[in-house]
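Note sheet for the following structure.
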Amino acid sequence: MTSKRKELQKLVEKLSKKKDIHFNRQQIEKLIYKFSDLHGGRTLMDKNHVARMERGMFRDILYNYFSMTDDVLLDRVFRAFDKDSDNYINVEEWINGMSVFLRGLKEERIKFCFCAYDLNGDGYISREEMFQLLKTSLSRTSTDEDQDESIKELVEITLKKMDDDHDGRVSFEDYKKGIEEDPLMMEFLGPCLPERKRCDFFLEEIEQLGKY
Amino acid sequence: MGQAFTRAAQWTSAKDGTGGKLEFTKINEELLNCIVQFIDGYSSKFSSESKLVFKKPLKWQSSLTPNQFSAAGCSERGDDLVSDEMADKENPLFSLMKINASSYQCCVMSLEWAEKVSQSAGDRKLHEVRACLEANRDPGANILGDRFATVEGEDNSIYRFTEEITKEIEQLSKQSSEGEGNEDRTAEIEEKKAILKLKLQLSKLDQDLMNTSISLISKEVRLNPSTVDGEVKNLRELSGPSEESCVLKSIGFYGPVFVFENGCRAPAHRQLHGDIAYVEVQPFDTGVLYIMANTSGYYTFKGPDGLGEMQYEREGEPCRDLVLLLKQKSPKFAEMIDNQDFSLKVREENEKLSDHRHEDTMDNDEQVTQRTDIQRRKKEMEEQDKEKQTKQKTQRKKRLEPSLKWKALGMEEYKVDERQGDSNRRLKKKKTTPRMKSKTPIDAEDSFSESSTESEEEEEAVERRSETNADLPSEYWQIQKLVKYLKGGNQTATIIALCAMRDFNLAQETCQLAIRDVGGLEVLINLLDTEDIKCKIGSLKILKEISRNTQIRRAIADLGGLQTMVKILRDPDKDLKCLAAETIANVAKFRRARRTVRQHGGIKKLVGLLDCVLLTSQMTPEIEKDIEVARCGALALWSCSKSKKNKEAMRKAGAIPLLAKLLKSVHEDMLIPVVGTLQECASEPSYRLAIRTEGMIEDLVKNIKSQTDELQMHCASAVFKCAEEKETRDLVRQYGGLDPLVSLLQKTENKELLAAATGAIWKCAISPENVQRFQELKAIEMLVSLLNDQPEEVLVNVVGALGELAKDPPNRLAIRKSGGIPPLVNLLTGTNQALLVNVTKAVGQCAEEQDNMGIIEKLDGVRLLWSLLKNQNTEVQASAAWAICPCIEKAKDAGEMVRSFVGGLELIVSLLKSHDKEVLASVCAAIANIAKDEENLAVITDHGVVPMLAKLTNTTDDKLRRTLAEAIARCCNWGNNRTAFGREKAVGPLVKYLKSQDENVHRSTARALFQLSKNPENCITMHEAGVVQPLMAMVGSSDEDLQESAAGCISNIRRLALANEKARYS
């Protein structure tokens, strides 16, 4: 137990020194506590006995705390957290991800969102990817064909707005420029960042952890 | 006379080639008489029309001979008689040509000559008219040309012709305004007008003819089978064998029982002659009568001869009804029917016919058919009636339906239309709704009633919408698509659509209206009610832009957008607050919106936005945001502060200290809305006081020195309004505000700024200390230079300022030297009343200077002032009268000058009837000056000035008392005016004036009393009113003038008393 505690202390030390983490030590500790507590005290371990979080659990968090419901986007946010793409989120990924997710600077958030939208990770958001992400965005059209048509049109409208260099796809630069023009376009393919008040709420709850 | 002749007049069928002849019937005779009346005396009533030359002559074979012709202006040529006046080169206006030995052909080319012909014809007038009309079937066409020929159906020629004339007049006026006068054209138009007039008269005649003939025709009897059946049946019921109780032995139809489908019983070949049925009547006293029922009435006829053959020859005149005929034929019948009141009964029976029918037990075949026949007809009639009624009802309904809007569009017009023809109505209707072209009529009406409660601005909205509908721009469809995504998409799609929508040029009206027209506004406003901040922001960003359009503003208010936005003002998100406030600032540009904001607690919330930490040394992004919020709040309040109640609400919400704090800001973005709000509110005294006491004047003065015109303008405007109060004026000077104000006079290109600056100078110049400073700054010269070609808003203030400045004598000189007097006098001819008030004041001030007066007199300024006494605005009247006073005082030969104004003295005396105190006071002052000249005093005495002044003496207004007493004092110097004042009971009230607090009133009253006391009667009245004591006190006054008059008055009273005593004791 003591070694584990020491390890934890070390980790906290290490993370709190990182500049791109927008949490203080205590918050990091609490977040780690939350991380380990998620599975009801029974932390999931990989073969190296490192604690990790599986997809379903992460989605539950997003759902419960941040009211995010879109399946596709939940997965995409998971992907954005899961830097090493091993389908699990480890402690470091958790803290890094949460730092951006809750307190990210504009630049970081842009990167985060772009990463989430870039389904195949090729650095561009293509028409197809947009189509995938916008597929569920319209509700009221009658037939599937109409629906597809409408969504295609919506994709074109989006592309017209975001594709600055007119190459038929949205590069990271295009995306950045688009946001500069219109900050509302940050989450243009669906919400993948929490609302401000939900962040505050989550952080508040984290603060309460372990006090009992 | 076309229609009457083709329809009403009875023509014989055209047997010979020349066309029909007029039958010798009563109707035709009446018609001809009407026409003769029309022609006789026509030229004396309408001389120009009567000289109008016909397009084609009226020619007919006349029975007149040249020697019968009595009119002058003719000469004989052989056998012919020809008028001296010619229609054109060949044709005379009138000629009487010999055709053969006995007859002449008459040829007339004007109504004047037609009249002469008619006069010469004497008792053969009718004959001549008849001949004329037979030869010329459509005289109207001959007279006015073929375009006015009588046609069947609608006749639009008059309307077309009217339009033509008006068009030509318009063209002509256009041409003449361009400088090429065209006399030929004018003459042509004049002629056309005459033609139109004549045509209208002819139409009137035509109508009169129709009316006469109709009334004649209606007198003629037209029988029909059912009436015949009815009458016969009624009489049959009264017939019987008993001679005592019955009117006839028997009555019945004669001949075959067969009834034709049309109800006639007469055989077919007789129906051609109009016969309906034949009745066999057996009265008690005579033999059998055979009566023929013809469409033209009842006749008796021979009836069947011995062989049973009918002899159809009619006997005697037709009769309107059967009873009448029988009365003539059978005395017994007449007696019975009169005695027993049967005739009444018959009538009653007739009315009860339908009721009786059911109980009727007769089973006579004839009766049955007859009954069913009548029943059927009745039913039909009823049905028709019903139909008509319902139709009328629906029509009436339709009439009533169009809402109030119709009123605005001119119900008046509509009424006129109804009187005129149908065609005309259609024409006018088109005219009133040309802008609805692109819509169906129903749509047009709908949009009318929709907007019926709105003001003019909305009307504009309707107009423009139809215009945009005409050709839809491509943006329209693109925006429609985006709105579809807004409606049907989730949050992501909505945001994309919102952002894409902002890529359109939202400042462009087509886009703004497109958003509204495709239902986008509703969606945008609904989005404000959602939870999603991003959607709200996106929506507000669009609303903020498009609400610059007045129609969109109204639409937003109508859709309840303001309420939601007011709610958003409480949102913690600052961006959202800013946007909502900015949008409110745009929408609240009209009254209803401002009221809505107030009623939903918006003012309080907006004032809350103003509360921010200002002037902190370090600016964090957070604080910057707060300042931005405050700025937006101020913007919204600026818009809202145009309503009086909102100003009050703002004050109650504590806006003033917050605005004072924001006024310390250095950012012009912030200052402009803040100062804008302040100057808007400064119309309220409470704000003016607060602005001074909160120390805002200093900041306002500071900002007058800013570099931005708009800010300067608002500051100057605020000073303008606040400087009504003396303390404020002093503060402006103390903070050095006068210098920048004067320097603003150089910005001549910005009229709004100039108006505000000159206004501020005007009000500041009320304080003499400020006048001093303005003098040093050479403000007068600059103001005088602004007297030429500036808009009225500027002129009012410039002249107001000059008027104030001219109260200081050296400035009067400065005005003259800088050439200010001629433009000022020139402005006296204007119409703007605010300007006139100021100009008269300024001219009055200038006139105090002898040299200035010379110029004013030379420019005829006094006459102009005098004529302003006729202005309907009492303020103008009063200030003109005040200005006249110094003019009379300083003019060289004032008496002569005043006399030279024709009716001037009468005018000014008549103003004593005014109800305005200021006018009365000023006019009294002027009269006091006028009365210095004895001759003029005599004139105004004649105009009854004494009783009028006396009537005013009961006033309690000190200003009026002063000038009134002065006027009375001066007016005493003529004739027996002193006695007259006494008689009119002016003395008693004057004594009361001595109790006034005003020293000036005392002085003039004492003077008046002194004058009046020269009459013993007045002395007694004064003494009784207790004049001595106050006068005694006034003898001790430091004012020598007052001393003298008071003492003089007392001495007069005393002398009277002494004389009295002397008389008594000696």
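One is the number of the first residue shown, and numbering goes on along the chain from there.
Just so you know, glycine gets a Cβ as well, placed from its N, Cα and C.
Straight from TrEMBL, the features:
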REGION    B:350-402  region 'Disordered'
COMPBIAS  B:350-361  compositional bias 'Basic and acidic residues'
COMPBIAS  B:373-390  compositional bias 'Basic and acidic residues'
REGION    B:417-470  region 'Disordered'
COMPBIAS  B:426-438  compositional bias 'Basic residues'
COMPBIAS  B:443-461  compositional bias 'Acidic residues'
REPEAT    B:560-602  repeat 'ARM'
REPEAT    B:736-761  repeat 'ARM'
REPEAT    B:778-820  repeat 'ARM'
REPEAT    B:903-945  repeat 'ARM'
REPEAT    B:985-1018  repeat 'ARM'
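Long-range contacts of the repeat 'ARM' (B:903-945) within its own chain (CB-CB distance under 8 A, at least 6 residues past either end) are made by residues 866, 869-870, 874-875, 877-882, 884-885, 888-889, 894-895, 952, 955, 957, 959-960, 962-964, 966-967, 969-971, 973-975, 977. Mean pLDDT for the repeat 'ARM' (B:985-1018) in this predicted model: 87. Counting residues per DSSP class in helix, strand and coil order gives 30 helix, 0 strand, 13 coil for the repeat 'ARM' (B:778-820). Across the repeat 'ARM' (B:560-602), the DSSP tally of helix, strand and coil residues reads 32 helix, 0 strand, 11 coil.
Across the range of the repeat 'ARM' (B:985-1018), the DSSP-based residue counts are 26 helix, 0 strand, 8 coil.
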